[in-house]
Amino acid sequence: MTQAEIFLGELERDALTEVVNIGVSRAAASLRKMVNKQVILSVPSIAIVTRRSAAALIGQRESEGLIAVQQHFEGPFSGRALLIFPESNGLSLARAIVGGEMTEDELIDMEDEALTETGNIILNGCLGSMANMLQHSLKMSLPDVLRGDSEHLFDVLETSNEDSFVLFLYINFSVREHDIRGYIAMIMDLPSLDKLKMLIADFIERVT
Amino acid sequence: MDSGLNAELDLARQRLKLMIDAAGATCGWEWDIPAKRLTADARFAAITNQDPLVLAQGVSTEHFFNAIHPDDLKRVKLAVAGILGGSALFSREYRLLRDDGGFRWVHASGRALYDDNDEPVKFIGMLVDITEQKRTQERLRIAQVAGGIGTFEYVSGYGTINVSEQFCRLFGLHPAKVLPVRTLNLLIHPDDNPIINLQNPNGFQDESNAEFRITRPDDGAERWLARRGEYVDDIEAEGRRYIGVIFDVTDAKRTQQRLREANQALAERARESIQERNRVWQNSRDLLVVIGTDGVFRDVNPAWSTILGTEPQAVIGSRVLDAVWPEDRDQIRALLKDVIENLHSDLEIRLTHRDGTPRTISWTTSHEGDVVYAYGRDVTIEKEQRAALQETEAQLRQAQKMEAVGQLTGGIAHDFNNMLTGVIGALSVIRRRIAAGRLDELDKFIDAATSSAERAAALTHRLLAFSRRQSLDRQSLDVKQLVSSMEDLFRRTLGEQVELMINIAADTWKAVTDPNQLESAILNLVINARDAMPEGGKLTIETTNAALGEADLAQKESLQPGNYVVIAVSDTGIGMSQATIDKAFDPFFTTKPIGQGTGLGLSMIYGFAQQSGGHVRIYSETGLGTTVKLYLPGSHEDVAAAILDEDPVYVPPRGEGEKVLVVEDDASVRMLVVDVLKDLGYQVIEAVDSNQAIPLLEGKERIDLMISDVGLPGLNGRQLAEIALSNRPKLKVLFITGYAATAASRGDFLAPGMEMITKPFAIDDLAQKVREILTGQAEA
């Protein structure tokens, strides 16, 4: 049903999931330290879809505006990674990180900063671990914050290039006592995906 | 001893294995990552077919993968690599081979333990035999897919919900294992209950069954979903877990909705129908009545009081017969039974109005179940009007008949007087000549008198036949001979276009009848037949015998059983409709154009046949032709004829040579008058009409008296007299008239010097009148 099955065999999918899972676990550990609360990051579900499908996937699930932390990465495979929350989750996450001492106004001032920090930890942890497991390194840009609907985040309207695919990871951020959920998306073009696939195959070869 | 110990050990192992099999017990392991050593408990060893002692002491980590099904091995190795690389959780299901060649399903769940640098140092976990669970799951999955049932789990306090693939399909969402509750709630119709109420995240959800509408994001369709669920204790964390299912109830809901709508529509229609019925019941001008089979009024509508003066309340519960006009009750009692027993019936019943007068009601009834529905229309006035109309029509017919009879008799009286004048005049002449001893030329007058008398007799016969009171000269008559003798006459009458056939049965009896009437009747029928064939055709005259029994006679025919001679006249003409046949014997009825028929022909034949003791029947097919059959009683007896007597003698006054002009169109009357005047000693000039008379009047010849018929062709007698007087002012005039209408207004009609004598007159009276006028003794 999804493009992932076309691109990746079952074992490759398992391997990619595992690689991502390692990254997410690292990120969760970092997050757990930051918010000092139980953080459950679900095992991610993986899909490789077009940008349009990715936008629809999130649009279906989220009725409100979105907020995203974005980082570009370069290496054997290049693209950009997005950590996406529903807009209203931004403040909750900020509150979870900075604690209950701050007023609402102070929180709003802090929001972008808190999100940038959170995104940096999660995306860095995630991508870094992946690169590490695949025995390569990635160069990461500084994070920036985007707001808008899913089509805007995935540049659906500006891009007619069907080569652009999205490695779409749905991760449930269940932060206890805070209703927070989010998505991680990695937008890559076809050559990058092919390269990722080769690296996955190497990884499978190594560990099995 | 060793062997005994080993045997005991084997036994213990087997027992343990059985226990593991039976209990599905968990078996733990501990993987030291930096040391690369694996230790595991005896249960882990048993389930992976390894030596428990060795495993308890520690072995290389390769032993972790012992007994794993080859198809699952790579997946498990990948997952382990994840943990060793930094993944927090390990959770895999896979198959373990058993030493009997089969396999069991296990769930391996584990996690990594970290050192201070967040590096994984230990990987611990346990195996659970889930073979049975797998089967159950498989069954559940099949049941869920087949039943279209989606499952979910919600842990109190979370913003997300774990869902099955079928759950996502039901919501029209991309398959996922976890979904935001908010997302689901937003798809649910705002008027309906949310799937999970987040108002109070840590509180309990309403466990009762819920139904809600959703708008599916994938196809935009609105569907009805039902939720069933209950709380179970959360086995992994504190708090409770709400586990439930959803399934699509759209079809059932729509069916329900349609059913409800149909019910509403039905109820609405029923209500309208009742209203309609009520309106009809209330507003009908006619009677609507419900009668029980016991003959008692169950219900009557308000029209009852309008038509019969009694309020419906007073009528309901009373017997039908009590409302019936008393004279009709016996008759209605029987009819009422019919109405109750039969399904439908139409009848007219008179009911009693409250004021005591009858009302005629025309009823239509229908019997349904144990009641009779009756619809009644008041036809009282209609009936009265119908009767009045019939009476008026009868009066009109009588008046028309009388008018026609008047016209007819007027004309006939004129003719008849002419004939009588001929007879009386001739007889007077004969008497005078005998008295004078002049016996020559008497034959001429006798013949004239006889001829006139015979014509008069014939006319009288016709009239009597018309009035059906003729006296028949009944005698035994050879019909064969009579018909044969008329053949020439028929042929002349019919012309060339009509082919005549005469079939006379040789054994035709003699008939008892009047020969002249029969002749006239047959001729009449032949002429009718001819007129029915304007384009020509075939005319057949037959004579036969008929012995008629009771069975042969139609109802309403006055014919008696017996032997009859039948004369049938048939044509191949236009035929008659039954309506025409029904009226054919009525006097003055004719289908011929005005002026071409009197309408008396068949009527007279009918009268003649009736009087003869016979009958006439008409058989006709429109377009094929008509046969008229004349039935006359057959007989062998002769009938005698009657003889007449004569008058005594009288001598009239004589003239003195005065000159008289006689204007008369009837030759025998003129001859008679002329002869009488000559005999009396007058000089006589004759004229047939005014055209002949005027030159004589304008001439120089002496004329003392003009005797003129009033009813002359061309200028009538009165006009001629005007002309005569303008030439000869002293001329005396005597009018002869047979027309009673003229005589009745004698004063208006006659100028001075004019006299009138009415036909038929005695010759002596004429002589007397002429003498009086010429000697100036007349009263005028």
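Glycine residues also receive a Cβ, built from the backbone N, Cα and C atoms like all the rest.
Here TrEMBL flags B:90-142, B:208-261 as domain 'PAC'. What TrEMBL records for B:249-276 is coiled coil. Annotation comment: TrEMBL describes B:273-343 as domain 'PAS'. Feature annotation from TrEMBL assigns domain 'Histidine kinase' to B:411-636. According to TrEMBL, the feature domain 'Response regulatory' maps to B:659-774. The 4-aspartylphosphate annotation in TrEMBL covers B:ASP709.
Residues of the same chain lying 6 or more positions beyond the ends of the coiled coil (B:249-276) and with a Cβ under 8 Å from any Cβ of it are 211, 223-226. Taken residue by residue with DSSP, the residue listed as '4-aspartylphosphate' is part of a strand. For the domain 'PAC' (B:90-142), DSSP puts the residue distribution at 12 helix, 30 strand, 11 coil. In the predicted model, residues of the domain 'PAC' (B:90-142) average a pLDDT of 88.
For the residue listed as '4-aspartylphosphate', the same-chain residues that are 6 or more apart in sequence and have a Cβ closer than 8 Å to its Cβ are B:VAL663, B:GLU664, B:ASP665, B:ASP666, B:VAL669, B:GLY717, B:PHE735, B:ILE736, B:THR737.
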